[in-house]
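Feature annotations, courtesy of Swiss-Prot:
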type	residues	note
TRANSMEM	12-32	transmembrane segment
DOMAIN	27-155	domain 'EamA'
TRANSMEM	43-63	transmembrane segment
TRANSMEM	81-101	transmembrane segment
TRANSMEM	105-125	transmembrane segment
TRANSMEM	137-157	transmembrane segment
TRANSMEM	187-207	transmembrane segment
TRANSMEM	219-239	transmembrane segment
TRANSMEM	252-272	transmembrane segment
TRANSMEM	283-303	transmembrane segment
TRANSMEM	308-328	transmembrane segment
C-alpha cells in the first residue's frame, strides 16, 4: 500500500511539472505575439532570453550535479549536447516565425503531432516496440495516424469562424497593438513552419533521451544546451540583421518583460524536461503537447482577441483523440511490464517456500 501511494505521488509530481511547463510555453508564445507588434525582433528575443536563462541557471550547477557521481563530460557528450543546441535553435526559430505568420492557437494545435512523430522515431531508434498482436501497440499506431490526419486538417483547412472573441473591458487591446490576424496564405506558411518545428522537437526529444541515459545531469545538460542555443541564435541574428543593428536595442516596455519572462520559463522548462525524459522517456514528454491547445485557445481569446476557426477545432479534436489513443496504449504497455516484473519477483519466493 505504501509503495502504491509513493508511486502515485511520484506520478503526480511529473504530471504537475509537465502541465506547468506547457502552460508556460503557451503563455510565452502569446506574450511574444504581442511583443512583436511592438517591435521586438525574433533574434534579439531569442539571443537575449537564452543568455539570461543560462545566467539564471549557472548558480545551480554549484550545488546540484556536483554532489553526484557522474561520468566524465567527454567530447562525445559535449558534441551531442551541441547538436541538441543546434536542433533547439532551429525549432525555436521556425516555431516563433510560424507564430508570427499565424497564431499561438495554431502553434498549439500543430504541436499535437509531436507524440506521433516522437513515437515513430522511438520505434526507429528501438526505444518503443510494436506488436500488432497486442492492443496497446494497435492503439499507439492508430493514434499516431489519427494525429497526423488531424494536423493536416488544421494546416490545410482554415474554415469559417466558430468563435469570435472580443476584447474584455479591462484590456483594450486595439490601443496596445494593431489587429493580430492572419490571411489564408499566412496561415499556410505558418502551419508549414510549425510542422517543421515539431519535427525538430521530436528529434530533439530522442537525442535528449540518449544524452540523459549516458550523462544523467539535468542541470548541467540544460545549462550547456541553453548556452548553445543562445550562441547559435545570436550568430544567425547577426548575419540576418547585419544591416539593421537597431533591432538589438531593447526598450523598457513589454519587449523587456517578454525577454525576462522567456528567460525564467526557459531555465525551468529545460531542467524539468531533462529530468522527466531521464525517468519517463521521450514519449512521455510528447504526450502533453495536445493539452496546450486548450490553454492556447483561452489565452489567445483573452489577450490577442483571436477567433477560433472550424479547421482548428476539427483538427484539434482528431489530434486529441489520437493523443489519448497513444497514451492509453502506452499506459497499458507499462502496466503489462509492471505485472511481468512483479511476477518474476514473486517466483523465487514461491520456490524458496
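The backbone N, Cα and C atoms fix where each Cβ goes, glycine too.
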CB contact flag for the transmembrane segment (105-125) and the transmembrane segment (43-63), at least three pairs under 8 A: no
Tertiary contacts of the transmembrane segment (137-157), as residues 6+ beyond its ends and Cβ separation under 8 Å: 106, 109-110, 112-113, 115-116, 119-120, 128-131, 187-188, 191-192, 195, 310-312, 314-330, 332-333
Proximity of the transmembrane segment (12-32) to the transmembrane segment (252-272), 3+ C-beta pairs under 8 angstroms: yes
Per Cβ pairs under 8 Å, the stretch of 81-101, 187-207, 252-272, 308-328 packing most closely against the transmembrane segment (219-239): 81-101
Composition by DSSP (helix, strand, coil) of residues within the domain 'EamA' (27-155): 104 helix, 0 strand, 25 coil
Sequence-remote partners of the transmembrane segment (252-272) [C-beta within less than 8 Å, at least six residues beyond its ends]: 17-18, 20-21, 24-25, 27-28, 31-32, 34-35, 38-40, 45, 48-54, 56-57, 60, 218-219, 222, 225-226
